[in-house]
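What Swiss-Prot records for this protein:
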BINDING   Gly75, Thr78  Na(+) binding site
TRANSMEM  2-22  transmembrane segment
TRANSMEM  37-57  transmembrane segment
TRANSMEM  65-85  transmembrane segment
TRANSMEM  99-119  transmembrane segment
Amino acid sequence: MLITVLNVALGGAIGASCRYLIGVGVLRALGPTGFPVGVLGVNILGSALMGAFVVLAAHKGLTHLSPFVMTGVLGGFTTFSAFSLEAVTLFERGAYGQAALYIGLSAGLSIAALALGMMAARGVLT
């Protein structure tokens with residue numbers, strides 16, 4: 001159990017660090033946009049990776065890596081709490097249209113990306 005917890009912690013540190021670096025990179029590339037582009041992109045990418053890993057792990061017998069990859073790396077990488085904060089911040093600024101768009105895109109595209117990740121992984125395996 002302790003080894004699993006340490007694997008989750010290590011994965012979380014890796015995922016969170018990647019999320020931070022992507023956020024900084026997006027900010028440097030686009031400047032302050034007033035729209036949470038970095039968090040949106042991370043959540044979509046993370047969902048696609050989660051979908052792909054679920055399928056690959058099941059077919060390749062890698063489910064033992066799930067705590068490290070899914071709970072740790074991808075759990076630290078994607079961020080529902082940051083999503084919630086960004087949505088409320090947009091609402092508080094009075095940017096109701098942007099808030100609704102952000103919520104819709106985050107949910108819709110992340111779910112679609114997860115499904116695409118699963119389909120891509122299945123395509124690789126067959």
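For all residues, glycine too, the Cβ spot is worked out from N, Cα and C.
For the transmembrane segment (99-119), the neighbouring stretch richest in Cβ pairs under 8 Å, chosen from 2-22, 37-57, 65-85, is 37-57. Within the same chain, residues 4, 7-19, 36, 39, 42-43, 45-47, 49-50, 53-54, 57, 106 sit at least 6 positions outside the transmembrane segment (65-85) and bring their C-beta atoms closer than 8 Å to a C-beta of that stretch. If one looks beyond the transmembrane segment (37-57) by at least 6 residues along the same chain, the residues whose Cβ comes under 8 Å of a Cβ in the stretch are 15, 19, 22-23, 25-27, 30, 63, 65-66, 69-70, 74, 77-80, 82-83, 86, 102, 105-106, 109-111, 113-122, 124-125. Neighbour count (other Cβ atoms within 10 Å of the Cβ, all protein chains): 19 for Gly75 (Na(+) binding site).
Spatially close to Thr78 (Na(+) binding site) yet at least six residues away along the chain are Gly15, Arg19, Val42, Asn43, Gly46, Ser47, Met50, judged by Cβ distances under 8 angstroms. In this structure, Thr78 (Na(+) binding site) belongs to neither helix nor strand by DSSP; it is coil.
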